[in-house]
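Each remark here refers to the structure printed beneath this line.
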Amino acid sequence: MNTALAQQIANEGGVEAWMIAQQHKSLLRFLTCGSVDDGKSTLIGRLLHDTRQIYEDQLSSLHNDSKRHGTQGEKLDLALLVDGLQAEREQGITIDVAYRYFSTEKRKFIIADTPGHEQYTRNMATGASTCELAILLIDARKGVLDQTRRHSFISTLLGIKHLVVAINKMDLVDYSEKTFTRIREDYLTFAGQLPGNLDIRFVPLSALEGDNVASQSESMAWYSGPTLLEVLETVEIQRVVDAQPMRFPVQYVNRPNLDFRGYAGTLASGRVEVGQRVKVLPSGVESNVARIVTFDGDREEAFAGEAITLVLTDEIDISRGDLLLAADEALPAVQSASVDVVWMAEQPLSPGQSYDIKIAGKKTRARVDGIRYQVDINNLTQREVENLPLNGIGLVDLTFDEPLVLDRYQQNPVTGGLIFIDRLSNVTVGAGMVHEPVSQATAAPSEFSAFELELNALVRRHFPHWGARDLLGDK
């Protein structure tokens with residue numbers, strides 16, 4: 001057993017008391033991102049090492065792996081604690097998203113270590129989708145790079161409001177305050193173009209040497225701010241979903257016997273209580289909440305993020321993908337929306353194409369009506385394009401095969417986030433964040449069917465010499 005863990009258990013008075021104490025700690029999900037070789041995996045390894053989260057057998061294995069795959073000479077290569085794939089260790093880079101868990105006396109943490117290479121941007125977006133804070137690493141020798149801008153933009157696009165800019169490898173620039181100040185000013189100039197009201201903090205550190213990671217650096221007396229760990233332990237995360245109206249997407253209908261019929265899922269936002277009048281969408285049928293069932297018994301109320309089963313007073317038709325909300329709330333179903341898209345497939349996204357989509361447990365089909373623009377990550381400008389390439393980010397107009405109940409992603413990530421699925425391979429090819437649902441009154445009707453639009457796109461792609469016009473060219 002880890003000696004630090006054994007000491008914590010002893011201090012709490014036993015395993016059971018320690019587990020209860022763990023349950024009451026707040027949880028922070030964060031990711032590390034930045035350009036290639038900025039030291040993301042090394043930083044996570046340093047956090048695990050300095051908070052004494054490494055078991056003795058892991059430490060022994062790390063010594064052996066450092067000799068075989070290490071990139072730090074005689075020193076421990078802490079990045080190997082996180083880079084688990086054989087290809088990652090051989091190349092000295094991160095490819096997949098690696099998740100690690102650790103805790104301190106103040107908080108629990110789940111870390112997502114995301115890849116820095118541009119071709120793995122889709123992996124980074126996957127890691128960011130569940131996080132509340134992003135650590136953006138910048139190599140003190142290189143300053144702000146294109147990939148730093150890309151990751152900053154994706155993080156904010158996915159709703160992350162707390163950014164910690166960790167200026168790493170300060171030991172390689174002689175712990176220069178001038179270098180730190182210059183990079184800080186450069187990043188703030190860029191960050192002024194990012195959307196939203198952001199909480200941005202700066203920490204100069206050396207992940208390799210441990211400066212300002214978990215303890216104050218003696219080499220940077222000019223820096224009087226908190227260490228990285230202190231920032232992580234004290235940052236206050238305001239969850240947007242807590243203040244939003246009730247949203248309960250039904251994941252499945254639970255009917256173990258003839259006497260029980262419940263609707264299971266995770267409360268996406270708001271709160272629900274016994275006796276509350278609720279409405280089922282898209283049908284619009286209303287009922288009252290009779291019971292709120294959880295794994296440890298019935299409750300009188302439940303809050304966002306909790307897995308529950310709702311039992312209603314009436315026997316009504318509800319299936320997977322339906323949405324329950326307060327009966328007095330007017331939320332119309334829509335068949336069109338503008339969506340911010342991060343494209344993850346080799347074949348570009350083009351107007352006229354159709355994909356299966358999944359959103360809040362519901363699966364349906366969507367047609368790409370047009371691409372308004374692609375974002376140039378270097379300067380955050382918008383430019384017109386015919387299609388959206390691999391790792392491209394842009395605003396896309398979609399039309400759905402059936403009415404859907406949507407929220408803007410920034411208001412509710414569960415009912416505003418969707419994925420694109422290729423209909424032939426069943427592979428996830430893109431991630432979407434609802435920018436704005438389009439009401440039926442403002443949606444422009446299409447004079448062409450979905451089949452005609454898809455056939456037109458195929459002809460233009462494979463037989464360009466025919467000179468077929470783009471049926472959506474006026475959009």
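Placed from the backbone N, Cα and C atoms, the Cβ positions cover glycine too.
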Segment assigned the feature region 'G2' in Swiss-Prot (from 92-96, 217-221, 272-276, 332-336): 92-96
Averaged pLDDT score, the region 'G4' (168-171): 95
Listed binding-site residues (Asp37, Lys40, Thr114, Met170), ranked by Cβ neighbours within 10 Å, top entry: Lys40
Mapped DSSP class for Gly34 (GTP binding site), helix or strand or coil: strand
